[in-house]
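So the structure is just underneath, and the comments pick up after that.
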């Protein structure tokens, strides 16, 4: 495989460049996916039927924790990629590990949040609003869950095989994915929770 | 190639002959809205036929002039990138046609979406609701209800309020005007009017399951005087519509024509409010209970 | 419903039982046959595990042809049922299932794989690439499509087919009104193949953007590649909407959510909106590559460059943008009011402008040309007037006030078949005939091909033009029967005759393949049609690595430049070629997806969860796998090249003239 040393490691082979472009296009599709979910949520927001309204079920504390944790994780994975560019494998692994831990905390709080909704009578079947809300949050949460496994696999591979162009490429793409999930969460935070609690 | 065009021409004329015995329903309007639509459609047919003939003519000429069998063996076709003026014309003509049609389209939209003008009387409001696979017509003003047939007065605007007790259906009387959907969680309005007495065909045009093909109703337009007499007669002879009776009618299946005094709007109002909004939440709940009950019945 | 009752077909008729027996016998026959001839190893090595874009393309092609006959059988049954009033061939339920599966099969499982077949076969060759950007993903796309197609096709013998129309409008498609598992099949089979389509979209865009031969700028790409590029951009933006709509429909049916119900805040109209936000771009996903094929064919057989290249590209870009802004025209009659209808009426009619530009460009491409009436050209020539009819009736439907009368009638049915059959199907058959020699090494018989063309054209006109008239006479679509008094009978009989002619036409295609396989000469050279673009610059059939040396391109007609202007296409020495390894994982994932889909359809949660875990295990394995591909060495390449004889482009080789 030809390695071009003038490029950053994650861009250094032809296949790596293809992978990164392909992933950007995939993120384009993901934007459409979440745009559709947001559209349907906005449509269902007021259609609560006999179930509770947004203001009745949203709790600020878990949402703030989730937001803080996920935003921080986006920062740490940025540091991780920076460390990777500098070739500092251990620093990179640490930052990736911290990222995943924060992601795990996020997921835990989100599960708590879902249980809370269940207890206050906002289940998946309750109304158009709850179905729209839980599908939007659930799709994001499923992405995070998948990301946790993916990130774990990458850590294991970097640990075992070192900072090869292939691993650098995977790590970089994973960081794109993670940042994307963070951006989606910012929209969820602003347009679902803040809007709903006001 | 010639064979094909000969075929095309003979087929179209054949089709015209076959269909020519009677005018096509849509092009045989009996009311102002349908007349507007029939006018638009005729205009479109002429204009579009002109475009098709133009394209065909160019194609035939090009094929005839530049076919390989006519060309000398050593003929090398030239390299032509494109010509800005040719392209301007190719874009310009369609734009003019589309602009003209857009103008017609917008105008017609506003006409068919509003009550027909030129009538002295106020519109007659009729609630037309569908259930699997029937139509229920409620005349709140006259306080009567019919199933699967519709009597309407001529020379008076008609305002149909459409909704459904099941899948989306589409209320369509081709000779009075185009269709509109009837849905379960909102009421749509269709403005029609009949100009001459007579019998017409009406149907649900939107696929709604097993009994869809037979989901028809008869429409009879008559003078206001005859209509008033019919209303009086109904009040004298027909039974009142009870809630149980109505729920029985909603069960899936086919029914003949039926007539009642009173309407189902009293105990099962049309879903005219904005469904699910916070403002009328309370009212909402009560309707839901009813709808649930109804669907329980119809489920058996 | 009792658990096991779900598996029974709800309205079994002798026809269905016969199909069950036939399916069982054919399946057993295939398995026994393959075992008897000891072909399992060959199939596994050469096809199931392949990541070669040409082989994947051929598998798409075969699947598309099979599905064409499956959907065609539905079509002929429908026309037979309507050929006379009060016909008793099918009952209402059966008819409803058949028109539903006809629509889904033809759009999702026939037209889509057909265009994917040509994208796979042609795009890498046209841009001078060795393969697509992600060969393994490409194989996965195919197997997902195939899993979805098979899942959908077993529906009519296991549990019943979907019966709510290919549009599956809720609440009709909800649990209350569609009680069998049929609509679950619809939701899940389309979902699985839709994921495959999305991945193809990503794959093709990356390929076209990054893997073009040196010198090939975007504006020097052949027109088919351009059309494929734009179609794939539409795929990437349109399919996620379908993914979400199907997900919501699935949860409504399986978990009792209230997305599209009519109670508790559900909104049935939202399904129609989402469906058509995907559905309208979808028809452009189909038609744009078809336009690309016509551009190639018309240019080749007029022996002229494509007229107005820039405006061709521009019009496709414009069409792709407009395609996302017109969805409401599928339900002008939903009561949005005059303003909304006016806006969408205008955007819809606007599409006629770029489409018109394309029609004129094709006409001007033939101007001063040297037109050869080959079979691919005949399809293209039939396409121009017939598609114009389809296009102008589209403008008629776009007039929203008039659409109140056209909507839901046979007029609409006539219109969209009038665009899809001469537009997409003719293009696919033109492409099939045109590219057949490139991949199979022999030409299809021209004489039989011409008979096919005339049968299809005459059949098409007979079958669909009468529907314009019956539509205006008030015949609604999707009615399984009508009475004598309506007067629809003669024209519907005519339609049936047309459909029968088309059926014969499609059978002659199969006969043609068989006949040509036996009788056609194999020494056709690499350029039997005297073509113009890069895909003809390599050997016939194409070697695994496509091009021994990467071509150098200077215009959109690199091969023509080489033949006529002395352009040197291949320079330098042959080097080692890096190729991807085969993999069985995509095939296995296809099977697991099939099992997962089947389990979801019947709400069998344990196997569903196990299968989902299986999918993630496959993904995890892929993550850990180290597969750097393999190299074909110079010596080996030289041996292969020697087998083909002369290497095209090295010298002014005597070029075979076309037999017309």
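Every residue gets a Cβ built from N, Cα and C, even glycine.
Averaged across the domain 'Heme-copper oxidase subunit III family profile' (A:21-197), pLDDT for the predicted model comes to 95. The domain 'Heme-copper oxidase subunit III family profile' annotation in TrEMBL covers A:21-197.
Residues annotated as transmembrane segment in TrEMBL: A:21-43 (among others). Listed as Cβ neighbours of the transmembrane segment (A:21-43) (distance under 8 Å, sequence separation of 6 or more from its ends, same chain) are residues 132-133, 135-136, 139-140, 173, 176-177, 180, 184, 187, 191-192.
What TrEMBL lists as transmembrane segment is A:63-81 (among others).
Using a Cβ-Cβ cut-off under 8 Å and counting only residues 6 or more beyond its ends in the same chain, the transmembrane segment (A:93-112) has close neighbours at 62, 65-66, 69-70, 72-73, 76-77, 79-80, 83, 137, 141, 144-145, 147-148, 151-152, 154-155, 158-159, 171, 178. Among the features that TrEMBL reports, transmembrane segment is placed at A:93-112 (among others).
With a threshold of 8 Å between CB atoms, the same-chain residues lying at least 6 positions outside the transmembrane segment (A:132-156) that come near it are 33-34, 37-38, 40-41, 43-45, 54, 93, 96-97, 99-100, 103-104, 106-107, 110, 113-114, 117, 122, 124, 167, 170-171, 174, 177-178, 181, 184-185, 188, 192. For A:132-156 (among others), the entry in TrEMBL reads transmembrane segment.
Residues 20, 23-24, 27, 30, 34, 38, 41-42, 54, 58, 60, 63, 66-67, 70-71, 73-74, 77-78, 99, 103, 133, 136-137, 140, 143-144, 147, 150-151 of the same chain, all 6+ positions outside the transmembrane segment (A:176-194), place their C-beta atoms under 8 angstroms from a C-beta of that stretch. The transmembrane segment annotation in TrEMBL covers A:176-194 (among others).
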